[in-house]
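For reference, the structure discussed in these notes is given below.
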Amino acid sequence: MVLMIVSGRSGSGKSVALRALEDMGFYCVDNLPVVLLPELARTLADRQISAAVSIDVRNMPESPEVFEQAMSSLPETFTPQLLFLDADRNTLIRRYSDTRRLHPLSSKNLSLESAIDEESDLLEPLRSRADLIVDTSEMSVHELAEMLRTRLLGKRERELTMVFESFGFKHGIPIDADYVFDVRFLPNPHWDPKLRPMTGLDKPVAAFLDRHTEVHNFIYQTRSYLELWLPMLETNNRSYLTVAIGCTGGKHRSVYIAEQLADYFRSRGKNVQSRHRTLEKRKT
């Protein structure tokens, strides 16, 4: 059974995540004190039910040792997994402005910006040990729920999930990436007027990139690097490996290469997901 701990900065989507987990069959508890986690797990052990618990800055223990002690006191039938949700500072400020809700640290007479920054520092011990970090900055409520359903179902099966995501450097580097590869040095279809409106998912763009030896070399060397270290990553109690491929705009080269890598590892029986940040952003 799984004890899913959901944490993250206020406004990043913890309530949405908890509802998605409830839909998946988890027994969900909102804002349970950390010291009560072992007691909850023991209560549910006989019922053979996985649980999900949200922890925010208000019920964080004063020292990381308290959290570690709670984790070590869990029944052996439960496997703890930590999901950390985050979003960039401007997105969090906008969400608070839209909802007009008070930040949990507002009682300390802090400005919203200062409260967000202090909360980030207080939650760092949880963020640093998270099994999965999800950046919700560009996600709608429905997109976040669907993404969690897709990823967490793979996680519950205790199989490492490889996530290949394309992005554009001009939009920023994804904060959930384990590895980031820069492909801006490769030939750019953008400069061909016929290819410019297309994406790396279109056959003419794929044919353009497929003609270049350096593209093949990059794909081969990148997948070889990942294959070399994948066995160690799989035995390191890791459930996700997020590989981000970036080009200038996130539309052509990064999309094509992310798909090529995803197809390669999928053909070898790995649990693989792919996403394209710039293309998803254009749909909204």
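Even glycines carry a Cβ here, placed using N, Cα and C.
The following features are taken from Swiss-Prot:
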{"type": "BINDING", "residues": "GLY8, ARG9, SER10, GLY11, SER12, GLY13, LYS14, SER15", "note": "ATP binding site"}
{"type": "BINDING", "residues": "ASP56, VAL57, ARG58, ASN59", "note": "GTP binding site"}
{"type": "REGION", "residues": "266-284", "note": "region 'RNA-binding'"}
Report task. Go through ARG9, LYS14, ARG58, our binding-site residues, and report the one whose Cβ sees the most other Cβ atoms within 10 Å. Result -> ARG9
Report task. Identify which of the binding-site residues SER10, SER15, ASN59 has its Cβ surrounded by the largest number of other Cβ atoms within 10 Å, counting every protein chain shown. Result -> SER10
Query - SER10, SER12, GLY13, SER15 screened against ASP56 (GTP binding site), Cα within 10 Å - retained binding-site residues - result: SER10
**Report entry** C-alpha spacing of ARG58 (GTP binding site) relative to ARG9 (ATP binding site), in angstrom
**Finding:** 11
Requested in this report: Compute the C-alpha separation of GLY8 (ATP binding site) from ASN59 (GTP binding site), stating it in Å without decimals.
Outcome: 12
**Report entry** Residues within 8 Å of the ASP56, VAL57, ARG58, ASN59 Cβ centre (excluding the GTP site residues themselves)
**Finding:** ASN31, ILE55, MET60, PRO104
Query - Cα-Cα distance linking ASN59 (GTP binding site) and GLY11 (ATP binding site), given in Å to the nearest integer - result: 16
Requested in this report: For VAL57 (GTP binding site), identify the closest of the binding-site residues SER10, SER12, GLY13, LYS14, SER15, judging by Cα separation.
Outcome: SER10
Query - Integer Å distance between the CA atoms belonging to ARG58 (GTP binding site) and SER10 (ATP binding site) - result: 10
